[in-house]
Amino acid sequence: MMLNHLYKGILVSILLSTDLLSEEVLHGVTIWIHKVYMKMAEVTWKELILVFGVVVVCYWNCLFCGFVFDDVSAILDNKDLRPSTPFKNLFFNDFWGTPMSEVTGVVGRAELLSSIFLLAALLAYTKSKGSDNTIVWGPIALTVILVAIATLCKEQGITVIGICCVYEVFIAQGFNLQVLWGAVLQFIRGKDGLPYPVLQMLLKLIFLTFSTLLLVIIRVQVIQSQLPVFTRFDNPAAVSQTPARQLTFNYLLPVNAWLLLSPSDLCCDWTMGTIPLVESFLDIRNVATVAFYGVLGIMVYNSLKYFGHSSKSVIMALSLLVLPFIPASNLFFPVGFVVAERVLYVPSMGYCILVAHGWKKLAYTCNLKKIMWIGIAALIATHAVKTMHRNWDWESEYTLFMSALKVIPGKKYATRVAPNHLNVYINLANLIRANESRLEEADQLYRQAISMRPDFKQAYISRGELLLKMNKPNEARDAYLRALELDSANADLWYNLAIVNIEMKEPSEALNNFNQALELNPKHKLALFNSALLMQESGDERLRPEAKRRFLLYVEQDPNDANGYFNLGMLAMDDNNNDDAEKWMKKAIQMQHGFRSALFNLALLYSQMGRELDALPVLNELLQYYPEHVKGLILKGDILMNQKKDTKGAKECFQRILKIDPNNVQGKHNLCVVYFEEQDLLEAEKCLVETLALAPHEEYIHRHLNIVRGKIAAGQQVSPAGGAQSPSLEKKKTLQEKPKNDKNAQKPSPARKTSENKEQSNQALENSQADKRTKAKSAEEIKEIEQKRAAALKRLEEIERILSGD
């Protein structure tokens, strides 16, 4: 009989609570519970028709409304609902499709779905006691399974365990406060053992408790043992100081109770300043808090003290009213909202059971049957009309927010913004920043998104990238550090911070942050490439093996990127490993035809190996793609003049250089040597005079000019037997070229969570260090450079002797 009244009370709660959660359109699913548990609750077909009819009448107009507010993010933009998304993601992502280890709060799945399984678990548990007072384990096991499903739908589903415990103690066993207290005293005094029914009850409660703990442990593991982080925008009281925090949270209890009692002023989102903080004990609203606790305390005390059917009804109603609301009450841990009408769905069942119980008392005990029937009919009718009217508020976002303004008049309405909504700001800013003159405007959009949701990590990432573009590395670093506070396990953020360090000329810090990114994600391609490049640029021989290892890992992950092979070739050149250098340079050229830097350095490598004739076809390919490549023209002219004795071809190379850059001293001087080689001393003198005007402080030009003038004065026409070479050609380090403006040149840019991650990096390091292979040299390298410099001077002296005719 008690179960019959409990179930009928729940059915009445559906009728009376429709206006409270009018946006939820699935109330009719409650009938499914009846079909499953028909034998457990004696509900007539007339009652079913009544419920079904009222639900249809109240909600038929919802079919004409669209997706609004959270529906856009939770349904339309939710990647978890797409066929291509793995099914397992549903168990690791929250309501918005976001990983629960990142932005997760109490708001999870739909309350209605959780409520269905919550009620199913409760009704299953009522069959756990056999006719001979034995324990029936089948319904208990089913209860645990249904509790787990309810918890997956919505976290508050786990509270049904508490409701089952209340049912077991006060309904199934029929205890009250006095009986329990007496049994405890007898056990403590050792006068008698616990009665068998009590032992049975304890066994079932222990089983339920351990099941609850297991579910909690699993839930904590899913969120990686991190409490949710909420902002002042979501829940101002959660970040307030004592006593405003405690006073406000306690005041929210009578606010929610009033919404149950009089659901007339409903709002789609109670956030920010919709309910002002209670900051003082003198605030008049504290009276409502005291009154709420007083009424609740009296009801709990009377229901536990006395035996009787009435007390049992009140106990179960209070358990449904109080226990499911505890996770959303803010009393034990903060949640991401001030008030949320959706979390009152299950508590409204308990509240409506109280209404139904009180109505029955007045109707049948006080001889007011006709009046009470009229009253309940009027109550259901007014709530049904209110529900139908409320449904139209959800027709569109405009009507929804206009209804919110009616509830909170005279105040600026603030709403919680989901990350998917804020992507509008991010995407707009990304478009605007393409225009160099609108960077400040884009920054304003990023800051606006952050002000609306300070825990929006992607806004900090995008803003940091923009600040780097605006040459504000200090502010960019601050943005990334703030993002790391929100997600310190994000390898992309550590990578971005390293890029900022590079811009700030902090290579050691950059390398440390690259290493941090690789600790979190050993296969982070951008971190692998740029950290290896940084090691290579440091000039520290001890870092070269690790740099090579990282480049090899990089090309293993991205075998189609020529930059990886090119930098392996440059490392081999640094180590004087000519065979490996040749192999990697050829591989880079094979992966991308016309790879400017790889072509030039391969030709340079051949030249240094004494394979000048092998270098010529490589240079020809380079100049086919880049006809104005000055260093390539110089090297080709040098080889033609010294190896092929082709002064005509060499002259064409040097003349082309001067068309590109008339002030190029090296090209001009080499052209002068060609004139001398052709025994045109007058043209050689004229050429050297012009060269001297470009570089008046170069001593070797003065000497060469004096030699040529001496030859002219002596009337001699002597060609240099040993050919001519530019002194700078002797310096390998000044000729090596790194990719500067190639099509595939990689640029170190902040990593994004989109497909733009493919953009890679090399350019910033090149711009700052192009043609400077090292900044710090070891003693051995310095000695090697001095030896080459001495050899170059000796070669220059030989050229001068040739010019002077000695």
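Any Cβ shown, glycine's included, is placed from N, Cα and C.
Taken from TrEMBL, the feature signal peptide applies to 1-22.
Summarising the annotation, TrEMBL assigns domain 'DUF1736' to 225-296. Remark: secondary structure over the domain 'DUF1736' (225-296) totals 33 helix, 1 strand, 38 coil, with classes taken from DSSP.
The repeat 'TPR' annotation in TrEMBL covers 457-490 (among others). The average pLDDT for the repeat 'TPR' (457-490) in the predicted structure is 90.
Taken from TrEMBL, the feature repeat 'TPR' applies to 491-524 (among others).
Residues or ranges marked as region 'Disordered' by TrEMBL: 718-784.
Positions annotated as compositional bias 'Basic and acidic residues' by TrEMBL: 729-745 (among others).
Residues annotated as compositional bias 'Basic and acidic residues' in TrEMBL: 769-784 (among others).
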Composition by DSSP (helix, strand, coil) of residues within the repeat 'TPR' (491-524): 27 helix, 0 strand, 7 coil
Counts of helix, strand and coil residues, the repeat 'TPR' (457-490), according to DSSP: 27 helix, 0 strand, 7 coil
